[in-house]
Amino acid sequence: MQTVEANVRHSLEIGGVSTDKLVEEYGTPLMVYDEGMIRRNARAFRSAFESSELDFQVAYASKAFLCKEMARLANEEALSLDVVSGGELYTALEAGFPAARIHFHGNNKSEEELAMALDAEIGCFVVDNFLELEMLHDLASKRNQEVSILLRVTPGVEAHTHEYIMTGQEDSKFGFGLSNGQAETAIQIAARKPQYKLLGIHSHIGSQMFGTEGFDQAIQILTGFVYQMNKKYGLALPVLNVGGGFGVRYTEDDQPLTISEYVTAISESVKKHYTTHELPYPEVWIEPGRSMVAEAGTTLYKVGSKKIIPDLRTYITVDGGMTDNIRPALYQARYQAMLANRPDEDSTELVSVAGKCCESGDMLIWDLMLPPTNYGDILAVFSTGAYGYSMASNYNRIPRPAVVFADKGESRVVIERETYEDLVRKDQ
Ligand SMILES: *Cc1c(COP(=O)(O)O)cnc(C)c1O
């Protein structure tokens, strides 16, 4: 890529395809995934578990990014799939994803969604609350269907980016509290219900975690609970699902561990605590979302208007914004970017990157060094692959961008760009 002739325009490449070519072929804004990177991530999770010699499932948390092609990729890479709604379930089934490897999450699954998942005979329901515990069983009884379930519990450990904290209150909308006895009550109810096959417990303690101490704390608490349920009620609880939340790099300030380091820490922790309690090793399930797809995604925008406020700030505006990436507005998320069409030029201008929506909060990046920008330059914003397109909206009636997979010099559309006709399709 560095050896191009002087008269050949040189641009950033993704999956071996030049961004010039991608923009020419598909337009902007454009979401481009390096497909090979997603596959390498999937393999890294699986191979680290294989070295641990524990039984495992790696369930991709599809809310991070899902379309039919992503579900097919997850299937090809032998992942399981977490869904949290009828819509995600429908997408997975339409893509031919094996129902037996689908896990259904969510704190308010409707009767229709539960019925749909029962019809499909999905592999596991992660039961979140007492209403669901009754409703799912009633539906399963009527069908005389056996259902595998995990119970989602809140271990009282809350993990954040840099540290974890122990919370006494377990103040969360998700799951059954361990310390207040609700998890034990739920276990007793589940164990008595004939259609239920109670596989074990689940917890998800946070997101964008850079350390592993939170996992170790949670696993210690979960193991203690499994031990008690084993002693008191003779329950085996063969599956331990420790959730997702592995950190990724959005900017240089983010220093995540490698996938293999996360998995190794989790498997060591499980072995340690299960050995202490003299329990047989469980099958360990994890649920990476962000860490599977975030860094594989890049958004390409066309630079438009520029507003220079002397001695204050220079705004450059791109042809997308909070409609395709709401994370900066929602979480003050930070991103790195560069000019894809002039990647080697020195960055000498301090700018802030605005979106085109009618909201002052529609900013993508504050204070970014770029080469002097012109109308028509292509801005590549990195690590946009998770919770970007999946949170996209049609605010201001802006059509959602196209999504492309690029790999080994080839690219293909996996989600078509929305059209204006799409925008009025449901209007009466
Ligand atoms: C969101 C979520 C995940 C994935 O979290 P990431 O931070 O994207 O890895 C996994 N499990 C559950 C239950 C979730 O809600």
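Cβ atoms here come from the backbone N, Cα and C positions, even for glycine.
Note that the structure is a prediction, hence the values are computed from the model and not measured.
Summarising the annotation, TrEMBL assigns pyridoxal 5'-phosphate binding site to Gly245, Glu287, Pro288, Gly289, Arg290, Tyr387. All protein chains considered, the CB of Tyr387 (pyridoxal 5'-phosphate binding site) has 22 other CB atoms within 10 Å.
Secondary structure at Arg327 (substrate binding site), as computed by DSSP, is helix. Taking a C-beta cut-off of under 8 angstroms and a sequence separation of 6 or more, Arg327 (substrate binding site) has the following same-chain neighbours: Ala333, Tyr387, Gly388, Met391. Taken from TrEMBL, the feature substrate binding site applies to Arg290, Arg327, Tyr331, Glu359, Tyr387.
Under the heading domain 'Orn/DAP/Arg decarboxylase 2 N-terminal', TrEMBL lists 37-294.
TrEMBL lists Lys63 with the feature N6-(pyridoxal phosphate)lysine. In three-state terms derived from DSSP, Lys63 (N6-(pyridoxal phosphate)lysine) belongs to a helical segment.
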For Lys63 (N6-(pyridoxal phosphate)lysine), which residues of its chain lie six or more apart in sequence with Cβ-Cβ distance below 8 Å? Asp82, Val84, Glu88, Gly289, Tyr387, Ser390
So which of Gly245, Pro288, Gly289, Glu359, listed as binding-site residues, have a Cβ under 6 Å from an atom of ligand 1? Gly245, Pro288, Gly289
If you take the centroid of the Cβ atoms of Gly245, Glu287, Pro288, Gly289, Arg290, Tyr387, the listed pyridoxal 5'-phosphate site, which other residues of that chain have their Cβ within 8 Å of it? Ala61, Ala64, Ser207, Gly244, Phe246, Ser291, Met292, Ala386
Count the Cβ atoms, other than its own, that fall within 10 Å of the Cβ of Glu287 (pyridoxal 5'-phosphate binding site), considering every protein chain shown. 25
